[in-house]
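Notes for the one structure printed next.
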Ligand SMILES: Cc1cc2nc3c(=O)[nH]c(=O)nc-3n(C[C@H](O)[C@H](O)[C@H](O)COP(=O)(O)OP(=O)(O)OC[C@H]3O[C@@H](n4cnc5c(N)ncnc54)[C@H](O)[C@@H]3O)c2cc1C
């Protein structure tokens, strides 16, 4: 059978999305295909995007990246979860740890047992049973244990890193594998007879032809939107934030092994600790807050000397109608934007790339593959969307117009079903989610103070006194294991100090 | 406030009913839950039922010892389904419960097979499956603990003697304190919200309960009528609507660890064996054949195949209505079994879904008479039923034969959008829809499609740049020697069940 392998791939954009794509495609295609990446120094990259979720490790592994080497190069720290402050009520705090809570027993989820003791007046928070949480709050970190019997096998980790350095790191990986980098600004895109992209023309006059184009051009969507007019689904009625102001500060203490998200009057503020500095930002909604007010609030709430000028970014929350249109696939900010509340953007980039490799086209561009890719990516975006909305919708705050809006807004039916089911029965609705599963939903649902009315009837099959003892033991095992862990900074010093 | 569930009443002292009683009591042991089962005389079921591999964990959770269970129920192992004659007379293919070996992480096995095929040196798809080759030769073994070759990890389902399985489940139930009451159901007593509080029997007896599980095989049971539940037929006119079944001893023949389905001009013939008997079921359309024609054909078929004597068994006819109830948990009433879901009996082990349903039910055990959990349960089961019926519809539409009225009608079946998409995906590059909660594993879709002659036009493009050797010849020879070293299924069973 004739070989119809794609011979020329053109990636437009050299931010995290562009270089992640280049590194991965070159890894799988080797030298069988010519991969070019066009980026414009004049435009630059968005330069934020520094907190990740655990799936990033799998991606790095697939690329053959040595973790310590990569962490050293990007000033990375370890991340065990995200702490949410003031989200439910002013003064409230919870964490979404990348970790299990306790152990399931008798085929019943751990949280049902916890719920029973809670109803009986035991005030131990469920997080006390989460090794990831307990370690994070004590500023401790060690790589999880491989032995499934150890409680230290029951958490996962991700990273905080310098986005610009991560891009550069992947650039090296990609260039070593043969990716050709072209500096220049795309000023024109010409289409072929099939309505797909034929070539892109740079300011310099250079014309670059390709068979498969990957749009990693950031919010602009130079190919997918400006050239192909793919269209956009707007999510802002559920996720009204449309701006962010970002600033970097000097570290004043050892880095915490978790991201912080602190609710503010019209949005929330992130704090991402790297080895050498801290990334901060305020994600807000212009309708309720001016840029100046946002900058003011941000600067008031950062610690340490401010290293950069506050930078304002605008975005439009939503997604493209299609992620793969004709011979163009969109990856990164060009594919859509979901605010960084759960650090999902880089994860979505990685998912897009792996799905593209899985459904990789040949010159024929089969529509069924394209449909399948779009079906899967739309699902991904919709799932993350619902997970993010959950944080806002379940607030009890109405102290500012922004929070009052969030509390009272209408939400997608799939999400209201989930919330209802959890409240009435303690069950987490079964779903096809890839990114956030049972434990993640549980952490946020309980963290947002949604208390199920009922626990599973099977819980009562364990005698209450005995249950108390088992739970006490579980907690003890977690505390003991964490007590023996080195602190976060020590582990960094040992493995990946930059 | 809510009333906790203290008493469950099961309607139907049949196989489904006793499985339900045994499972629920085993999972709620020590909770004080009372279970009563009503023998309404609706005891019809096929003589042999098979369960798929994923049901083994249910037996395990009931604390059952596999050996004891199999010895008590004459059960045989089942490695998957053999397809005979789907690509012309004499053709053979296999759909195994065991996933194919992982070749290079990312790419599914069919891509390696396709790659070899494109270079012209490859055997049939099933030749690379240990399960298929073992099943074909009537062999079976557990992996040896001394030599834990991952290739020898076979997933298996079980083929049971239904009457013995029922007796087994019945004694488990009785030992767990389940009471049995006789009598036909006459009416339902309910409160002002329609929630059922008791069932009234022909004997005048009234059985009260907090929750009811309807396992009666009746198309319209008393509880059905109470809730006005409708059964949604999958097809306006079903391509098959009747089965004829005959049971014969099999002690003198090799015992194949499989179920099989053979394409015949006017229907298909399923076979399934426990340790002593083989049930042969012909599935057809009664508008095309009379019962008498079928009976004669079936008997002739058995005679030709097996001996010169007239088979000493009667042919049992049953109606077939593929489809499902629109909801299977309403208020405080759960509906399971053949009255709730029926396939076209092409593939798969329908009886598995009884256990799957029970498993979901206990996972979502009601807190009270109006548990919101019913929403979640119905969401799960409706999705499962849809997927199963979809799969079957696709498999039927890829007809075995172009000439007879029967197969021509199957070819015209209308595929759901999802199935059209699946077919297009596979045809072009051998790809499969990615579904996380799928009842049918990806490798099973692939095996079914390939067995129907759907061979992708092209392979995954990245296969051509993968320099790794496909390793298929070595795999085949490894499988060959593994099968050669396996005991026959019958020998294995004899040893296993007598230990
Ligand atoms: C406020 C904020 C906070 C965020 N926080 C997180 C986080 O914590 N975690 C996370 O995972 N993600 C986060 N993200 C998202 C993350 O920053 C992005 O997903 C990631 O950086 C990828 O961006 P990109 O490569 O798609 O786009 P960019 O970085 O914008 O890169 C676009 C590239 O395209 C090039 N380009 C554009 N137009 C042209 C042209 N005409 N010709 C040639 N080249 C062109 C540019 O030069 C650049 O190289 C955040 C985003 C924002 C806005």
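Keep in mind that glycine also has a Cβ here, set from the backbone N, Cα and C atoms.
Just so it is clear, the model here is predicted, and its values are computed rather than measured.
According to TrEMBL, the features are:
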type	residues	note
ACT_SITE	A:79	active site
BINDING	A:14, A:15, A:16, A:17, A:186, A:333	FAD binding site
BINDING	A:79	7-chloro-L-tryptophan binding site
BINDING	A:342, A:346	L-tryptophan binding site
Worksheet, complete the sentence: A:14, A:15, A:16, A:17, A:186, A:333 bind FAD per the record; greatest CA separation between any two, in Å, is 18
Fill in: When distances run from the Cα of residue A:79 (active site) to each of the binding-site residues A:16, A:17, A:333, A:342, A:346, the nearest one
A:342
Item to complete: Just name the winner among A:14, A:15 (the binding-site residues) by count of other CB atoms within 10 A of its CB.
Response: A:14
Item to complete: Under 8 Å Cβ to Cβ from residue A:346 (L-tryptophan binding site), same chain, six or more residues apart: give me those in sequence order, or none if nothing qualifies.
Response: A:16, A:20, A:49, A:52, A:56
Worksheet item: Using a 10 Å radius around each Cβ and counting other Cβ atoms from all shown chains, which of the binding-site residues A:17, A:186, A:333 yields the largest count?
Response: A:17
Worksheet item: residue A:14 (FAD binding site) to residue A:342 (L-tryptophan binding site): how many Å between their Cα atoms?
Response: 24
Worksheet item: Near residue A:342 (L-tryptophan binding site), which residues of its chain come within a Cβ-Cβ distance under 8 Å, counting only those 6 or more away in sequence?
Response: A:53, A:82, A:96, A:384, A:387, A:388, A:436
